[in-house]
Amino acid sequence: MPRSVGARLKVRARNAALRFSSVHEPALDPLLLAKQRWEERLANFSRSHNLSREELRGFLRHYEEATRAGIRMDNVRPRWDFTGAFYFVGTVVSTIGFGMTTPATVGGKIFLIFYGLVGCASTILFFNLFLERLITVIAYIMRSCHQRQLRRRGALAQDSLKAPGKGEPDSLAGWKPSVYYVMLILCSASVLISCGASALYAPMEGWSYFDSLYFCFVAFSTIGFGDLVSSQNAQYDSQGLYRLANFVFILMGVCCLYSLFNVISILIKQSVNWILRKMGGGCFRQCQRRLLQSRRNAVMPGNVRNRCNISIETDGVMESDTEGRRLSGEMISMKDSNKVALAILQKQLSEMANGGPHQTSTLSRDDEFSGGVGAFAIMNNRLAETSGDR
C-alpha cells in the first residue's frame with residue numbers, strides 16, 4: 001500500500017509539473033508535450049490493467065493495422081459505401097488525395113494506377129477548358145466595361161455605337177484585359193468561395209473558422225494533407241444537402257484556385273524574365289562582341305570571312321557544318337564548328353533572356369509570351385502582358 005500511494009503521488013506531481021510547464025512555458029514544443037502526455041497515459045493504463053509495455057504496444061499496432069484497413073471505432077460513416085467510394089474517386093481524379101481512404105488489395109491498387117492515369121488526365125483537360133471559358137467570360141466583361149468607358153469619353157465613333165457587330169473600332173483592335181485585373185477577380189472569387197465554405201464547415205464539422213479556412217486552402221489547392229477532411233461523420237443535419245454543398249464548394253474552389261495559380265505563374269514568369277534582362281543584358285552584349293570578333297579572326301581568307309560572318313542579332317548563323325562548307329567552299333575545322341555551336345547556343349540564351357525570339361518586327365511586345373502549352377497558351381493568348389518591359 002505505501003508503494004502504491006507513493007506511485008500515485010509521483011504521478012500527480014508529474015501531472016502538476018506538466019500543467020505548470022504548459023501554462024508558464026508557451027514556447028515549449030507541442031509535439032514534446034503530446035509525447036509526454038502519451039507516455040504518461042500509456043504507463044497509467046499498463047499499471048492499472050496489469051499489462052506490460054510490450055503487450056500494450058503490440059495491441060496498439062493491431063489497432064493501427066485495423067485503422068489502415070478501414071475499420072473505424074468511432075461513429076463515422078463507412079469508408080467504402082457508395083458515397084465514400086465516390087468521395088475517394090473525387091479525391092483521386094482531382095489529385096487532392098486526402099489519404100483517409102486507400103486501396104488495400106492488390107487488384108484495387110492496380111486498378112487505381114490505370115484509372116488514375118485516365119482520370120487525372122481528364123481532370124486536367126476539364127480544368128484547362130474551365131480556365132479557357134472563365135478567361136473568355138472575364139475578358140468579354142472587361143472589354144464591355146472598357147468600351148463603355150470609351151463611349152463616355154467620346155473616343156468611339158457613333159457608327160460603332162449603333163452597329164457594334166459589324167466590326168471592331170480601331171481603338172479596341174488587339175485590346176486585351178490586364179493580367180492584374182484578372183488576378184484580382186480570381187483572387188476575390190477564391191476568397192469568397194473559401195469564406196462561404198468555411199461558414200458551412202465550421203458548424204457542420206465542429207471546426208474553428210480558421211481551421212475551416214485552412215482546410216479550404218489545402219483542399220482547393222489540391223495539397224490534401226488529410227489532417228482535416230470534410231463529410232466523414234456518419235450523420236449530419238440535412239446530410240444529403242450538406243454533401244451536395246461540400247461537392248459543389250470543392251469543385252468551384254479547385255477550379256478557381258487552379259485558374260488563379262496559372263495567372264500567378266504568368267506574373268512569376270514576367271518577373272523572372274525582367275530580372276534576367278536586367279542582370280544579363282550587359283553580359284550578353286560583351287559575350288556577343290567577343291564571340292563575333294573571335295569568329296572574324298578565325299575564318300580565312302577575307303572572302304570567306306565576308307560570306308560566313310556570324311551575327312547573333314540576325315539570322316546569319318549557319319545551321320550546320322555542311323551548309324558552311326557549301327557557302328564558303330572551304331573546310332571549317334572542328335574548332336570553328338565548336339564556335340558555330342557556341343554562337344547558336346549564345347543566340348538561344350539571348351533570346352530567352354529577352355523574352356523570346358524576335359522573328360518579325362511586326363510583333364508587339366504584348367505577344368512576347370504567346371504560344372506555350374495548355375494553361376500557359378490559354379493565358380498568353382487572352383491576357384495583356386503588363387510587366388515592366390513596356
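Every residue, even glycine, has its Cβ placed from backbone N, Cα and C.
Features as listed in TrEMBL:
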DOMAIN    74-134  domain 'Potassium channel'
TRANSMEM  82-100  transmembrane segment
TRANSMEM  112-142  transmembrane segment
TRANSMEM  179-201  transmembrane segment
DOMAIN    184-268  domain 'Potassium channel'
TRANSMEM  207-229  transmembrane segment
TRANSMEM  241-261  transmembrane segment
Number of helical, extended and coil residues in the domain 'Potassium channel' (184-268), per DSSP: 64 helix, 1 strand, 20 coil
Structural state census, the domain 'Potassium channel' (74-134) (DSSP three-state): 41 helix, 1 strand, 19 coil
